[in-house]
Amino acid sequence: MHQKILILDFGSQVTQLIARRIREAHVFCEVHPCDVTDDWVRAYARDGKLKGVILSGSHASVYEETTDKAPPAVFELGVPVLGICYGMQTMAHQLGGIVTSGHQREFGPADVRAHGHTALLEGIQDYKTAAGHGMLQVWMSHGDKVTELPHGFKLMASTDSCPIAGMADETRRFYGVQFHPEVTHTKRGAAILERFVLDICGARADWIMGDYISEAVEQIRAQVGTDEVILGLSGGVDSSVAAALIHRAIGEQLTCVFVDHGLLRLNEGDLVMEMFVGKLHAKVIRVDAADQFLGQLAGVSDPEAKRKIIGREFVEVFKAEAAKLKSDQSRHVAWLAQGTIYPDVIESGGAKNKKAVVIKSHHNVGGLPELLGLKLLEPLRELFKDEVRELGVALGLPYHMVYRHPFPGPGLGVRILGEVKKDYADLLRRADAIFIDELHNFIDEASGKSWYDLTSQAFAVFLPVKSVGVMGDGRTYDYVVALRAVQTSDFMTADWAELPYALLKKVSSRIINEVRGINRVTYDVSSKPPATIEWE
């Protein structure tokens, strides 16, 4: 059994990034809600495998009576504790310090000065000042701040606007940082978390994906037993890896249902069948439901409404297919499997403690009501995208499948702004295919990689507005598409990709000349945050 780090989640949108960074250090960790009891904490630590505790951030204020605090037992276990942002504030508040509302909110990049040569920050820095002070470039997101240290703590870090940006009680191995080491904007954040879990906690670096496969296979077999499972197969990375993992566990007990809702990428239906039936030898039922989906989406322009309609129609299709399978007396279909991953859960406010603020609903999480009559199997629910890809490779899936850019469950339905129409989808399919084709074709000289491999996600978006153009001697009045390409390591934050002008020029020229009905191409230069990766 692995040694473990316990992460208590107070509802931050980026809590799961803490888990991701720790797993990158090959240390096993689990996320649990912050409102667990003292008895639960003591029982969790009873096997001697608990090596440390991390308290996450939150949008709440610790001095309000109704907000959650850490279970007091956390500070009595004798293991190291790290508080991040709100986690530091609740540590200070509960141990006798003072937390107050700041006069100004600190959100964004900041330069933090390290103090006191603590075990957590010793030797970790981005640069030194002329006076020789070690400085860290970090990401802040807070309004409240610690104004008085608890007894036994010393100052560990500060900024100009936050005099106590870090604190340490090295005797008890309690540490707090006001900034977020888990996000990529904190350049040395991974090193800080590695220092905590490996050096201060002394946890073994023995968490590898091969271990996850064996444990997940065992868990799936125990969950499912002799029941049969159906899985909604989209051809994307998540559902593909989920299918391969479940197939590894239960083989012929898995039936994949591939729904062609009329909102897939160009030729995707045929490619999915070739890949899964021809190469993986899985059982796949293909359902042509384009008319059903497009009919229900007619006249609907609200993004949330579209997502919910698509989710609802998936339920109807699955109910119909499940009924067919259940009618066979020799089979017992009891489970619906999904390729839900951590970012889906987080952005839907569906983290384990249900305290995260909802940004937008996700197709995988919110589209399946209990009336489906099937239990939910989500073997990738605790994994981030990079871990899912690593798992896919370990399962023997082809590289091009595993490293294909993610595609949303609602498909082009959330890449067509406003009302979804078949003509719009046909135009967008062709424009998107050209964009992806040229990303594969253009090679970056410095790295030797294609721009498809250098971007994390790229796609075209259909804008239901027309602009005036000129083709030959004639005037055109046609639609506009926007190109979107981002670079990210975790999909929680993302930067827009600085594609070469020559590439953008080629893509624009091809789309305008080859896709009749489009006469203008734009490029989206928004990062996440404040924008999301998808437009809807």
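A Cβ is built for glycine as well, from the same backbone N, Cα and C atoms used for every other residue.
The domain 'Glutamine amidotransferase type-1' annotation in Swiss-Prot covers 4-206.
Annotated active site, nucleophile per Swiss-Prot: CYS85, in sequence order. When Cβ atoms from all protein chains are considered, those within 10 Å of CYS85 (active site, nucleophile) total 27, not counting its own. According to its DSSP assignment, CYS85 (active site, nucleophile) is coil.
DSSP assigns HIS180 (active site) to coil, not to a helix or a strand. For HIS180 (active site), the count of additional Cβ atoms within 10 Å of its Cβ stands at 23 [all protein chains shown]. The active site annotation in Swiss-Prot covers HIS180 (among others).
The feature active site is assigned by Swiss-Prot to GLU182 (among others), with sequence analysis given as support. Proximity of GLU182 (active site) to non-local residues of its own chain (separation of 6 or more, Cβ distance below 8 Å) is seen for VAL14, LEU17, ILE18, ARG20, ARG21, ILE84, GLY189, LEU193, given in sequence order.
If you look up Swiss-Prot, you'll see 207-404 marked as domain 'GMPS ATP-PPase'.
As annotated by Swiss-Prot, ATP binding site applies to SER234, GLY235, GLY236, VAL237, ASP238, SER239, SER240, with the evidence given as sequence analysis. In sequence order, LEU233, MET275, PHE276, GLY339, GLY392, LEU397, MET401, VAL402 constitute the residues six or more apart from SER240 (ATP binding site) in its chain with CB-CB distances below 8 Å.
GLY235 (ATP binding site): 19 other CB atoms within 10 A of its CB, across all protein chains. Distance from the CA of HIS180 (active site) to the CA of GLY236 (ATP binding site) is 31 Å. Cβ atoms within 8 Å of the centroid of the Cβ atoms of SER234, GLY235, GLY236, VAL237, ASP238, SER239, SER240 (the ATP site) belong to the same-chain residues LEU233, VAL241, ALA242, GLY339, PRO406, PHE407, site residues excluded. Note: SER234 (ATP binding site) has non-local neighbours PHE258, VAL259, VAL272, GLY339, PHE407, GLY409, GLY411, i.e. same-chain residues 6+ apart with C-beta under 8 A of its own C-beta. Long-range Cβ contacts of VAL237 (ATP binding site) within its own chain (separation 6+, distance under 8 Å): GLY339, LYS385, VAL388, ARG389, GLY392, MET401, VAL402, TYR403, ARG404, PRO406. Taking the Cα atom of each, CYS85 (active site, nucleophile) and HIS180 (active site) are about 7 angstrom apart. For HIS180 (active site) paired with GLY235 (ATP binding site), the C-alpha to C-alpha distance reads 35 Å.
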